[in-house]
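J.: One structure follows; several queries about it will come next.
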Amino acid sequence: MVQESFDCYLLDIEGTICPISFVKETLFPFFLQNLSKIIEHPTDDQLTILSKFNINDSTELYNHINNLVLNDIKDPILKQLQGHVWQEGYENGLIKAPIYQDSIEFIKDNGNRIYIYSSGSVRAQKLLFEFVACNDGKETIDLRPSILDYFDINTSGVKTESSSYDKIAKTIEHSEHRERILFLSDNPKELEAASSAGLSTRLVIRPGNAPVEDDTKYTSIRSLSEL
C-alpha cells in the first residue's frame with residue numbers, strides 16, 4: 001500500500017493525540033476544584049473574563065460555569081477561563097499532558113508541518129504541549145517548537161462547521177491545494193465539516209473513544225505511526 005504524502009497536518013487533541021479521559025478526569029476536575037477561589041479572588045485577567053458572562057451574583061455565576069463544564073458546553077468564554085486556571089496547575093507540576101507516544105514521535109518528525117485545532121483555547125493548547133508527560137510521568141518535554149500554529153473556536157469557529165476549516169486553510173495559505181492538508185480527529189462530524197471544506201481526513205480510533213456508527217465512511221487509523 002502506497003502512503004499518501006501531505007504538505008501539513010491539522011491535529012485535533014482530545015481522543016486523537018491524547019486520551020479522551022484526560023480532559024474529563026484531570027482537566028475539568030482541576031478547574032472545578034478551583035472555581036470557587038477564582039470567583040471569590042480572581043486575578044485581573046480572570047476578572048476580565050468572568051465579567052463577560054454578565055452575571056453579577058457569585059452563586060449564580062458559579063452554578064452557570066459549573067453547568068457548562070458538567071455538560072461539556074463549548075463556550076468560548078469558559079474556554080478562555082479554563083486556560084488561565086490550568087496554567088497554574090501545569091506550572092506547579094500538578095498537571096502533565098499524557099500525549100500518546102506515537103503522537104509525540106509524529107509531531108517531532110513533522111515539526112515544520114504541524115498545526116493544532118481544538119475547542120480548548122489557544123492558551124490551553126500551548127500549555128498542554130509545553131508540559132507533556134514522559135519517562136513514566138516523572139518529567140515533561142516541550143513540544144511547542146514543533147508546532148507551527150494553533151486554532152480554537154475563538155479564532156476559527158466551531159469544529160463542526162466547514163467555514164472554520166475554510167478559514168484555517170486560508171490562514172495557512174493552502175486555499176488552492178486543500179487536499180494537501182490532512183485533518184485528524186476522532187469526531188466524524190468534524191471530519192465531515194473538514195471534508196466539505198476540501199481537506200483530506202482520517203478518523204482516529206483510540207481506547208476509550210465513543211463508538212463510531214459508520215467507521216467505514218472515513219479511512220481510519222489507530223496510531224499516527226500508520227501515516
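Cβ atoms are placed via backbone N, Cα and C, with glycine included.
Grabbed the feature section from Swiss-Prot, which reads as follows:
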| type | residues | note |
| --- | --- | --- |
| BINDING | Asp12, Glu14, Asp186 | Mg(2+) binding site |
| BINDING | Ser118, Ser119, Lys159 | substrate binding site |
J.: Tell me which of the binding-site residues Asp12, Glu14, Asp186 ends up closest to Ser118 (substrate binding site) in space, Cα to Cα.
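T.: Nearest listed residue in space: Asp12.
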J.: Out of the binding-site residues listed (Asp12, Glu14, Asp186), which are within 10 Å of Ser119 (substrate binding site), Cα to Cα?
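T.: Cα filter at 10 Å returns Asp12, Glu14.
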J.: If you measure Lys159 (substrate binding site) to Asp12 (Mg(2+) binding site) at Cα, how many Å is it?
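T.: Here the two Cα atoms are 10 Å apart.
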J.: Using the recorded Mg(2+) site (Asp12, Glu14, Asp186) as reference, state which further residues of the same chain have their Cβ within 8 Å of the centre of those residues' Cβ atoms, listed in sequence order.
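T.: For the Mg(2+) site, the extra neighbours are Ile13, Gly15, Thr16, Ile17, Cys18, Ile20, Ser118, Ser185, Asn187, Glu190, Val204, Asn209.
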J.: Return one of helix, strand or coil for Glu14 (Mg(2+) binding site), based on DSSP.
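T.: DSSP assigns Glu14 (Mg(2+) binding site) to strand.
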J.: Starting from the substrate site formed by Ser118, Ser119, Lys159, give every other residue of that chain whose CB sits within 8 Å of the mean position of their CB atoms, in sequence order.
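T.: So the extra residues in range turn out to be Asp12, Ile13, Glu14, Lys74, Tyr117, Gly120, Asp152, Ile153, Val158, Glu190.
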J.: Secondary structure at Lys159 (substrate binding site) (DSSP, helix/strand/coil)?
T.: coil
J.: Across the record's substrate-binding residues Ser118, Ser119, Lys159, the largest CA-CA distance in angstrom?
T.: 8
J.: Going along the chain, which residues six or more apart from Asp12 (Mg(2+) binding site) have their CB under 8 A from its CB?
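T.: Listed in sequence order, they are Tyr117, Ser118, Lys159, Phe183, Leu184, Ser185, Asp186, Asn187, Glu190, Val204.
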